[in-house]
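Structure record follows, encoded as structure tokens.
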Amino acid sequence: MNTPTQSFRAKAAIFSLLLLSCMQCHAQLSATFYDNTCPNALNTIRTSVRQAISSERRMAASLIRLHFHDCFVQGCDASILLDETPSIESEKTALPNLGSARGFGIIEDAKREVEKICPGVVSCADILTVAARDASAAVGGPSWTVKLGRRDSTTASKTLAETDLPGPFDPLNRLISSFASKGLSTRDMVALSGAHTIGQAQCFLFRDRIYSNGTDIDAGFASTRRRQCPQEGENGNLAPLDLVTPNQFDNNYFKNLIQKKGLLQSDQVLFNGGSTDNIVSEYSNSARAFSSDFAAAMIKMGDISPLSGQNGIIRKVCGSVN
């Protein structure tokens with residue numbers, strides 16, 4: 001029969017093993033993960049991303065958004081890339097992604113090129129994470145060191161995509177809680193929202209705002225947006241999220257908010273007399289502060305619940321399970 005001391009030691013040993021296992025799981029994400037197994041992986045991904053963005057500047061925003069929508073559902077596991085099958089209800093068909101999520105082909109192209117030099121080594125989850133970083137850099141935004149070693153999921157969740165992703169009509173408190181549930185601070189949330197310095201939105205997402213005659217929108221801005229977004233029909237018409245420099249990653253997005261020229265309701269709530277006004281003001285005055293915080297927040301987002309070690313797989317094709 002174990003004595004109390006022996007029992008305590010046994011429990012302590014088990015706890016230590018569990019703690020070590022957890023630490024090793026996180027330690028498996030490393031910037032040097034592919035240095036020996038696929039040293040040219042990052043250059044190969046960068047080439048694919050740059051080619052895509054040189055053909056269509058908007059693709060930079062699409063790739064950053066794709067990474068964001070991946071990480072917020074099951075973690076950064078490339079689940080958003082999986083196609084519909086009898087056993088997989090694809091996240092592509094979820095309302096936040098249907099008809100708006102783009103860049104799948106770019107990730108597949110990058111994966112195909114990487115497979116040519118290192119078959120079965122680099123995950124789609126890592127390719128998507130690196131592509132988001134390279135997309136930012138390609139349009140004048142910050143770059144950062146990406147930790148690598150994620151593995152790919154064998155499942156997807158349309159349900160979680162429809163419940164966990166923040167929406168364009170969300171009030172500030174819901175945005176804050178949504179990001180907090182993923183381990184991201186309010187400051188992270190505001191910085192990541194700054195990705196709307198590039199990209200476009202469909203008419204039906206901002207129609208109510210520009211026809212509301214509300215006090216939180218500049219009348220001239222609303223009038224300009226109405227030209228391409230009538231009160232009825234033309235739901236898919238696009239408008240830039242940043243009307244001033246729509247293809248350049250900068251801090252004009254925050255300057256627009258101060259002028260009540262945020263396109264989406266979820267943009268303008270960041271500067272509307274609430275707790276995030278001071279952060280928006282700071283970023284509007286300092287492109288350096290925004291750039292630094294955006295990079296830091298992207299790194300944190302890339303750490304959301306990754307599969308590593310023996311968990312998950314390395315997909316051969318990003319849209320399907322091996």
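Heads up, the Cβ atoms here are built off N, Cα and C, so glycines get one too.
If you look up Swiss-Prot, you'll see P166 marked as substrate binding site, on the strength of sequence analysis. The Ca(2+) 2 binding site annotation in Swiss-Prot covers T197, D242, T245, D250 and rests on sequence analysis. Residues or ranges marked as disulfide bond in Swiss-Prot: C38-C118, C71-C76, C124-C318, C203-C229. Among the features that Swiss-Prot reports, N-linked glycosylation site is placed at N213, with the record citing sequence analysis. Among the features that Swiss-Prot reports, pyrrolidone carboxylic acid is placed at Q28, with the record citing sequence analysis. Residues annotated as site 'Transition state stabilizer' in Swiss-Prot: R65.
Here the features listed in Swiss-Prot are placed on the structure.
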residue	record	DSSP class
Q28	pyrrolidone carboxylic acid	coil
C76	disulfide bond	coil
C118	disulfide bond	coil
C124	disulfide bond	helix
P166	substrate binding site	coil
T197	Ca(2+) 2 binding site	helix
C203	disulfide bond	helix
N213	N-linked glycosylation site	coil
D250	Ca(2+) 2 binding site	coil
C318	disulfide bond	coil
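A gap of 45 Å separates the Cα atoms of C124 (disulfide bond) and the residue listed as 'N-linked glycosylation site'. The distance from the Cα of Q28 (pyrrolidone carboxylic acid) to the Cα of C76 (disulfide bond) comes to 14 Å.
Between the alpha carbons (Cα) of R65 (site 'Transition state stabilizer') and C203 (disulfide bond) lies a span of roughly 18 Å. One way to see the shell of the Ca(2+) 2 site is to take the Cβ centroid of T197, D242, T245, D250; the remaining same-chain residues with a Cβ within 8 Å of it are I198, V244, P246, Q248, F249, N251, N252, Y253. Within 10 Å of its Cβ, the residue among the recorded positions Q28, T197 with the fewest other Cβ atoms is Q28. Less than 8 angstroms from the CB of P166 (substrate binding site) sit F72, R174, L175, S178, F179, S266, each of them six or more residues away in the same chain.
The CA atom of the residue listed as 'N-linked glycosylation site' is located 24 Å away from the CA atom of T197 (Ca(2+) 2 binding site). Cβ packing within 10 Å was compared across the recorded positions N213, T245, and the lowest neighbour count falls to N213. Spatially close to C38 (disulfide bond) yet at least six residues away along the chain are V114, I117, C118, V121, V122, judged by Cβ distances under 8 angstroms. Of all Cβ atoms in the protein chains displayed, 19 besides its own lie within 10 Å of the Cβ of D250 (Ca(2+) 2 binding site). In this structure, the C-alpha atom of C71 (disulfide bond) lies 15 angstrom from that of C318 (disulfide bond).
Within the same chain, the residues at least 6 positions away from C318 (disulfide bond) whose Cβ sits under 8 Å from its Cβ are A78, L81, F104, I107, E108, K111, C124, I127, D152, listed in sequence order.
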